[in-house]
Amino acid sequence: MMKLSPYLGRASEFLIINSGRSSCLSSRSALLARHGSTTSGRSAAGPQDANDMNTSPKSSAADMNPTSTRHTYIPRRAMMYIPGDDAKKIAKIPTLIVDCPVLECEDGVALNRKEEARQLIHKTLETADWVKERKTRGLDVAVRINSFQSGLADQDLQSLLSAKTLPTTLLIPKIEGKEELRHTAHILTEKLAGRAGRDPLRLILYIESAKALLSMRKLLKTALKVADESHNLLALDGVVFGSDDYCADIGANRSNEAKEVLFARQYFLTVVKSFQRSLQAIDLVHIDFKDLDDLRRQSEEGARFGFTGKQVIHPAQVDVVQQAYSPAPDKLKWAQEVVEAFTRHQKEGKGAFNFRNAMIDRPLLLQAENIVAYAKLIGQPQR
Ligand code: COA
Ligand code: MG
């Protein structure tokens, strides 16, 4: 029996609006596509410059509708941290083919280097050519701030939001309560006011403790609500499982096999996928960065579980992870043939049929459709 990997739950709901190495999907288009019509969307690289904040908002009914979700989908197969105080490592970013480079302010930066990191990230956003280029091409540029419990997040945000060019995505670690989410949304929406009609600032949250895991559904509901109420200034794109902080929180010893977080990863994934939105679920870090074979095993496992991407700490890990989170060519071919065969058999009045000695019925079709849609999403060549 062929093993299946639903790379992206409900991916088939989405209509691709951009092609290229890293394509983007419009979830508003997706809703229309589901109802049989199509529309074109905008580039994910919507202007996010502070300079743009003063341009008159081009409000439309969609802008004013709190349930409107017209932002595009940005794949994040590998989410790579680059310490924000390390100019040499930051200079490497344009040489990397990575879905999501993260300028890191949190645990990858020593406590006595936070101010250096803030200043260097600010300068990088304003002056680096690669930032401009990635944004123009609809590719991600992310920044991770410190947690609110650390007492450093407000300063991080102040520095970040005063940059002329904002990141595409803001990563917020160690979310524990609804108040933090409301507080963040308040600061962000005040600062971003006047940008209605532009591509929203994407948010990605971290679940890193037992308490947060158990309140995760409530936290995500609140996060989606505050994003909806922001009139498209903010969008919740995904959630990260912060495995090492989680292990510290529950008193576990971390292993590469990651048995100690198996339940947590699967519970995390179930909660993320329980939302009828294309929220991304980003899997744990493989800290043993020299062991690429084990990284491959762990990444393929994450993709099989239904995660949409993985955190990465070293350039050598990027390719392995991005490959693991892309359908293998034979699997893609299989999926395309299943979709065609299903259509033929439906016309003949057969709900279930024999396909290369395996039973195919509607749930298998849906899994095959996920694979085909996801391959298009990441710009994988189609036959
Ligand atoms: N981003 C960009 N470049 C990186 C990098 C990263 N995250 N990690 C390593 N490199 C570069 C190094 O600077 C080095 O460049 P060089 O050949 O020009 O000297 C090259 O890749 C090889 O690096 P290597 O010597 O193997 O590793 P290292 O000892 O320099 O760094 C780590 C190892 C783990 C400290 C480093 O990978 C790192 O800082 N990762 C991110 C840590 C982080 O942010 N953690 C928090 C989130 S979990
Ligand atoms: Mg952490």
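Just so you know, glycine gets a Cβ as well, placed from its N, Cα and C.
Because TrEMBL annotations are produced automatically, they should be read as predictions rather than curated entries.
Straight from TrEMBL, the features:
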- 36-70: region 'Disordered' (REGION)
- 77-315: domain 'HpcH/HpaI aldolase/citrate lyase' (DOMAIN)
- ARG144, GLU208: substrate binding site (BINDING)
- GLU208, ASP245: Mg(2+) binding site (BINDING)
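Ligand 2 lies within reach of GLU208, ASP245 from the binding-site residues ARG144, GLU208, ASP245, judged by a C-beta closer than 6 angstroms to any of its atoms. The local packing around ASP245 (Mg(2+) binding site), expressed as other Cβ atoms within 10 Å of its Cβ over all shown chains, amounts to 18. In the predicted model, the domain 'HpcH/HpaI aldolase/citrate lyase' (77-315) has a mean pLDDT of 95.
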